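Features reported for this protein in TrEMBL:
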- A:1-21: signal peptide (SIGNAL)
- A:30-262: domain 'Ribophorin II N-terminal' (DOMAIN)
- A:270-368: domain 'Ribophorin II second' (DOMAIN)
- A:376-502: domain 'Ribophorin II third' (DOMAIN)
- A:529-627: domain 'Ribophorin II C-terminal' (DOMAIN)
- A:544-564: transmembrane segment (TRANSMEM)
- A:576-593: transmembrane segment (TRANSMEM)
- A:605-625: transmembrane segment (TRANSMEM)
Amino acid sequence: MERSRLFGLFVLSLALAGAQALTPAHYLSLPDVARLQNLLSQQFTGLDSAYYSVVGLSKLGATIPDHEGVCQFLKSQLDPMSIDSLFFAAETSQAISGCEIPVSNETRDILLAAVSEDSTMTQIHRAVSALSSLGLPLASQEVVGALTGRINKEDNVMAITLALQTAARLSQQTELGGILEEIEDLTARLDDLGGIYLQFEEGLEATALFVTAAYSLSDHVDMEPPLKEDQVIQLVNSIFSKKSWDSLAEAFSVASAAAALSNNRFHVPVIVSALGPATVSHSQPTLQLLVTDVMSQPLALANVLVESAYSVASKSVILSHASFTLNDGVFELNFMSSRPASGYYQFAVAVTGDTRLVGNHVELKVKVSTEVVVNNMDLSVVDKDQSIGTKTTRVDYPSKGKSSFTADSHQNFAMAFQLVDVNTGVELTPHQTFVKLHNQKTGQEVVFVAEPDSKNLYKFELDIGERKSEFNSISGTYSLHLIVGDATLENPILWNVADVVLKFVDEEAPVAIQPKTLYVPKPEIQHLFREPEKKPPTVVSNTFTALILSPLLLLLILWLKLGANISNFSFTPSTILFHVGHAAMLGLMYVYWTHLNMFQTLKYLAIIGSVTFLAGNRMLAQIAVKRIEKK
Amino acid sequence: MSNSVISVISRFLEEYTTTTPNKLKVVDSYLFYILLTGALQFLYCLLVGTFPFNSFLSGFISCVGAFILGVCLRIQINPQNKGDFLSISPERAFADFLFAHTVLHLVVMNFIG
């Protein structure tokens, strides 16, 4: 049931792409409503969950069990000093019958004190709602002043939505023009997603609560909210597209929005969907539609009529201004009485009867299906040079030809038939008309397409000689099947018409056709990993290391012979610092090789280098001075 | 023919040992050491193979670079070339030598792997 309704919705949304008027793509179907009620029927964990559950269920029109128990729970959990506690208890008590929350003077004072510009918007909303539900007097003008002041300070979506909701609880004489303007401001803040969804970036809960508050206030002051039809439908799409809700508060907001949209004075979105697949045929001639509000409740006053219905293929109009009859909650129309040919039809359906209806022009695609029968099936074997007269055999559906036909490469095998609609006698051209030849011994199948001529008579000719490659030149007995199928046919046909013996010249040895070996394990790939390079033996490396170091020895010997010495070494601080720094730099090189990366090395080098440079500069200057003095 | 070559070489050696100042001889022996080291590295590469190639390159380039810098130092501190390097004192030449060597060693160490 749900799948067929989803299919109806899918067809609807396909039509949506082409339609100019927007129609709702998402709504709460009966299973969705049941799921929502289930979520709201959970055990109470506190006053807030009791509020969401009880008030949410009452908005969905569900019965709340055990009013006494709920009332007891409220009274036991109530904290008379807390505004939130009073709000939840008061609102919930209004939803069930015969529950009075005791009120003291202190309670009243606390609630009245909360109505000021210095409290948060949530506090003002809860205090005003509690005062209103408990039947306590409140100064509406003061509330308006507090709200206006608060809106300036808290300029976010949730706060302004709460302000709207609060204003709806005030007396009718109050001047609410300023607050009413906020609806338009908030509407401007909604994000349009692809022309289909309209929602706040704050999320689903904010959007749903806004819709509830906007309609609540609009009903209260009896002024139409500044929402265009398309915007209302986009809001419906956004709010009801989510089918499982994360929290009780979210579920409550969706339930409130659903109630607001089904029952307000200005805009009621209409959901039109086909009951079952949108198909009619001779066995089922009526098209059945369900027309409901967003909560899948049938609309009380509604007239459904087809403005026009035209064939998709020929664009000719079949129906114009025909109305549906209401039969046990379902709107029915006998479409077959208009004698439509099989195929697809585009219906433009309009729902009237209530000026509040929104999204009430819907496009629906309806399929008319029929049954087919094969007439005048004539089989013959024709000689190519037409010297021998043709012998035509008539085979009647669904029986098989008594004798088998024999044909060889000099001949053509011919088939002619008609496909006719059982009910109307009209010739049909279905999408699939195939002729299949199946070799009984080897299992090979060859399929051809049969084409209709201008008079819708199907003809098929098989030139044996020309087509021998398709058959792999394998002679033998082939069973001939006719396959007919189409989306609009209720009885697809697979008919074994006759057996045909084909004789090919230069025949190969019959080879049994192997099924394609796609899914057997493939041969394993041997991957050759890159072999590490051969290293020379350690002896060789060690020998050469020693060899390389030997010139150093030679250098030292040569220097000694030349008389190089460090007798001029002066123990000045700059000299020592220079040599230490230089040694450190060389040490850093070694550490760089073993541990560090370039960045760290450069950092250390900069430090040591600058020290060494300064010291070296000093030292070399001193040496230069000494050298010039010596001269 | 070989006779003249030998006589040229011996004359050259004699002039060298007598005329070159000691400082330059020190630098020359350093250059000779660098040359030997580089030659031995190249010999190893020829005999044993180029694995690991980056290490061979870094070692060889180090020798070549050090040789070149040594030659530069020798040219600059040679008193006979004083006319060409009026603004560069021997100390300055040595400082340049050290700085260039620091950069060379940095590069060599990076590449040695």
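Yeah, the Cβs are placed from backbone N, Cα and C, and that goes for glycine too.
Just so you know, TrEMBL annotations are computer predictions that nobody has curated.
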Request  = Would you mind splitting the domain 'Ribophorin II C-terminal' (A:529-627) into helix, strand and coil residue counts from DSSP?
outcome  = 77 helix, 0 strand, 22 coil
Remark   = Summed over the domain 'Ribophorin II third' (A:376-502), the DSSP helix, strand and coil counts are 0 helix, 71 strand, 56 coil
Segment-level pLDDT (mean, integer) for the domain 'Ribophorin II C-terminal' (A:529-627) = 87
